[in-house]
């Protein structure tokens, strides 16, 4: 049986929740501005970019998965996915064994746009990155934000955090840095052919 006894004061609870709220709002304002500037040349808004991002990492996702992992309402996920379909960046489908859910997948054009976006990422134009840079210089690494991740896990659950982590693992595996840009890694067969073709 769960104990209902409080081990914190109301003042402590209010101070913590308001501190998180104010810091999150300040961070979001900066994040939103930088995100919009990054994707603006591609005629996308933040929800559309987020949907493309999730569809890429899922290799096909249901609208409800997009809503859950994009932290948006189902109708928002559907409406922005429809706009992406009209732009030729997504395709809609139903699965033979699941006629109730609508699934989306990146089209070739959608993946091209996402890859170009990755290539145009410029950390010098990102305020949060620049704000964290002195910490990296001091400690040799960026903040891991473990406490924040724990809070998010407790709110949204393990599934959410697994997808969150998978997305970043995919970036580590799928992309390499070339000439100061992130580019998609060549498939293994192509890499092997290049190794065979290179004189050595």
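Numbering starts at 1 and runs along the chain as it is shown here.
In case you wondered, yes, glycine gets a Cβ from its N, Cα and C as well.
As given in Swiss-Prot:
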| type | residues | note |
| --- | --- | --- |
| DOMAIN | 13-157 | domain 'HTH marR-type' |
| DNA_BIND | 63-86 | DNA-binding region |
Averaging the per-residue pLDDT over the DNA-binding region (63-86), what integer do you get?
96
Across the domain 'HTH marR-type' (13-157), what are the DSSP residue counts per state (helix, strand, coil)?
103 helix, 17 strand, 25 coil
